[in-house]
Amino acid sequence: MAAPNGKSRTCETGEPMEAESSGSSQVYLPGRGPPLREGEELVMDEEAYVLYHRAQTGAPCLSFDIIRDHLGDNRTELPLTLYLCAGTQAESAQSNRLMMLRMHNLHGTKPPPSEGSDDEEEEDEEDEEDRKPQLELAMVPHYGGINRVRVSWLGEEPVAGIWSEKGQVEVFALRRLLQVVDDPQALATFLRDEQARVKPIFTFAGHMGEGFALDWSPRVSGRLLTGDCQKNIHLWTPTDGGSWHVDQRPFMGHTRSVEDLQWSPTEDTVFASCSADASIRIWDIRAAPSKACMLTTTSAHDGDVNVINWSRREPFLLSGGDDGALKIWDLRQFKSGSPVATFKQHVAPITSVEWHPQDSGVFAASGADNQITQWDLAVERDPEAGDTETDPGLADLPQQLLFVHQGETDLKELHWHPQCPGVLVSTALSGFTVFRTISV
């Protein structure tokens, strides 16, 4: 979708991308080859997407999480319904909101129209109306921008852990918000009478400054880690009364801001951290916090390590840094200090990484270069396919690169939907995007 002057570069664009100029088109490779010339525009190849929707919520959201719902696993039938919990970064502290989004009636991309009668055109218009995506939004006032949102189920109770720019970590109960986005009458009542009264069920102000790193344990219900820009990491342990005990002794080791945290998916007491000090560390909470760091790679990236994600299916840790590199670490060989793979497609800092929840070799990444990339470790280029002969520019691409998605402005975070295979959701200054490509 190009701007009226035909010169917009931030457009919804999938790989393969085409740069159109005076009737001819060619594949556009972001960060490689010549920039667009005057009169050229990027055009989205709709056939590269199975599903594609955008949504805006007013103030942009730096972070969000997808809520596991009761609609079933491995959902591939369209239209889709999904639930997101997100937090805003508004211009003033008092304008921020914690939000519950219900996106529904998400249909697939339409096949190209066929030539037909007026009756068919009328049917198409009716069909277009039926296919309109829907969004329900329940908001709770929040003083201060929300740096990160992570959701967990404590038994039957959904909760959100929130890192505030005001230096506090809060836990909010989400049950009521989930209820009202499913019921228009209840939503109207909530927005009129209840939203201003919603408060966190627990708050920790012991970090002495703001932070971004936060992760719920996938193995021990209610166990939480939070890390701040002052290099400290704190462990939260749930108590019987529905509250938390936060250990005041921080885990010591990093020398600069802790950027991300990830619990091990296979061991109750093990977690990983990354930092602006360029290191990745593996910890075991059974040891005293000052002695809990068990393994360290001191120069994991050339600069800040922004994000990490621990594979649920393989002993692999994925990392992304300010250097634009994506690295895969085999935890069985972590002591070596060398990644088992490094990929360089992004030309700006990596802002988010995540393994596909079902396909062990597939992952996605977003960058400050406004690219979302999809990768598959199992892919090897077929030397007899002849692609490189028809388009020499493809020869330089990493063979594991499946897809490049563009069209967002200032990308911040992405997540695979855990129950809808292949569906990716991203947040950016330009809003939310929900899509599935033909590649995954």
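Glycine is treated like the rest: Cβ placed from N, Cα and C.
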To which of the residue ranges 1-30, 331-360 does TrEMBL assign the term region 'Disordered'?
1-30
Counting each residue once, how many in the domain 'Histone-binding protein RBBP4-like N-terminal' (40-107) are helix, strand and coil under DSSP?
6 helix, 35 strand, 27 coil
Which residues of the chain, 6 or more past the ends of the repeat 'WD' (251-286), have a CB below 8 A from one of its CBs?
211-220, 223, 225-235, 292-312, 317, 319, 321, 329, 331, 334
